[in-house]
Amino acid sequence: MVGKPNVGKSTLVNTMLGVKIAPISPKPQTTRKRVRGIHTEGNRQIVFVDTPGWHEAADALSEYMIRQITEALAEVNLVLWLVDLRHPPTHEDELVARALRPLKGQVPIILVGNKADAAKYPEAAMQAYAELLPGLESRMISAQNERDAKALRDEVLALLPEGPFFFPEDYAKGDQTPEEWAAEIVREEAMKRLKEEIPYSIATKTEAFELRDNGTFYIQVNIYVERENHKPILIGAGGRKLKEIGAAARKQLEVFLARKVYLDLQVKVYPNWRKDPEALRELGYH
Ligand SMILES: Nc1nc2c(ncn2[C@@H]2O[C@H](COP(=O)(O)OP(=O)(O)OP(=O)(O)O)[C@@H](O)[C@H]2O)c(=O)[nH]1
Ligand SMILES: [Mg+2]
């Protein structure tokens with residue numbers, strides 16, 4: 001699953017799987033690391049790979065994100081290239097087209113026009129996208145629509161080569177650990193509530209994940225910001241913003257774990273972590 005930021009890649013993976021394995025937000029660059037989503041039906045299996053949005057790399061974090069996409073492209077049997085039908089192509093779509101050009105003829109590439117539900121001129125937009133890399137199969141969908149997602153999933157199943165399962169039949173639908181998932185959910189809820197540069201400058205890391213005797217999970221997640229003056233913005237007046245983030249993340253984690261969760265969030269400063277390869281590794285981007 002590739003495409004520029006914010007076109008609905010993670011949404012489509014989640015709808016195709018029927019469960020949420022990837023965080024979603026209205027802000028670009030929500031996904032930072034590739035995650036796999038595993039769909040098994042009968043003797044057939046699809047391993048979806050959700051990737052970050054392709055953009056012009058500006059720091060060590062975005063270089064890492066672009067690497068996540070190119071590494072994924074090197075290992076897949078089929079590419080779904082998502083575009084946003086609400087708008088004509090931009091420079092970032094051209095970057096994706098350029099990256100896909102060498103794969104043409106090697107693996108099937110389907111051009112998927114998304115957000116058809118909200119597009120005024122979907123046909124004209126689709127035409128403009130198709131010109132970026134002529135000769136591809138194309139579809140118009142809404143990633144939030146289950147029927148559209150299922151039809152596309154069936155199409156993918158039909159195009160994949162025969163081979164052994166990559167994951168056991170009873171494997172979870174996603175390949176992230178519960179610790180990674182807790183950190184991602186906290187980051188998702190924080191991103192949704194922050195503005196301007198702050199959503200992009202936060203990182204989250206789970207420090208404790210314990211099942212207590214009383215049957216509840218104790219989860220402690222650190223939220224890192226790049227500058228001291230970002231801290232009060234994240235915490236909010238009277239701690240209100242942080243409390244909102246915690247309540248929303250706890251709700252999602254309780255559904256995921258089917259248990260009560262005590263979520264402890266701590267805000268810390270990690271100066272300029274996005275520019276620092278060592279910091280990236282420490283924060284789980286390796
Ligand atoms: N109207 C409409 N909105 C959609 C559709 N699919 C996704 N969205 C919205 O588009 C926004 C971005 O969705 P994501 O799934 O996070 O997009 P993404 O491509 O994974 O974004 P990055 O991870 O940042 O690259 C969210 O607000 C979604 O709710 C769709 O079919 N129709
Ligand atoms: Mg995403």
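Residue positions begin at 1 at the first shown residue.
Using the three backbone atoms N, Cα and C, a Cβ is placed for every residue, glycine included.
Feature annotation from TrEMBL assigns domain 'Era-type G' to 1-162. The annotation region 'G1' is assigned in TrEMBL to 3-10. Per TrEMBL, the feature GTP binding site maps to 3-10, 50-54, 114-117. The region 'G2' annotation in TrEMBL covers 29-33. The region 'G3' annotation in TrEMBL covers 50-53. Under the heading region 'G4', TrEMBL lists 114-117. According to TrEMBL, the feature domain 'KH type-2' maps to 194-271.
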Please go through the binding-site residues T51, W54, A116 one by one and keep those whose C-beta falls under 6 A from any atom of ligand 1; give the result in sequence order. none
Report the same-chain neighbours of T51 (GTP binding site): residues 6+ apart in sequence with Cβ closer than 8 Å to its Cβ, ordered by sequence. M1, V2, K9, T31, R34, Q68, I69, A72
So which binding-site residues out of N6, K9, A116 are up against ligand 2, CB under 6 A? K9
List the helix, strand and coil residue totals of the region 'G2' (29-33) as derived from DSSP. 0 helix, 0 strand, 5 coil
Kindly state the mean pLDDT of the region 'G4' (114-117) in the predicted structure. 98
Which one of the binding-site residues (N6, K9, W54) has its C-beta surrounded by the most other C-beta atoms within 10 angstroms? K9
Smallest number of other CB atoms within 10 Å: among the binding-site residues G3, A116, that is A116
Translate the DSSP assignment of K9 (GTP binding site) into the three-state scheme. helix
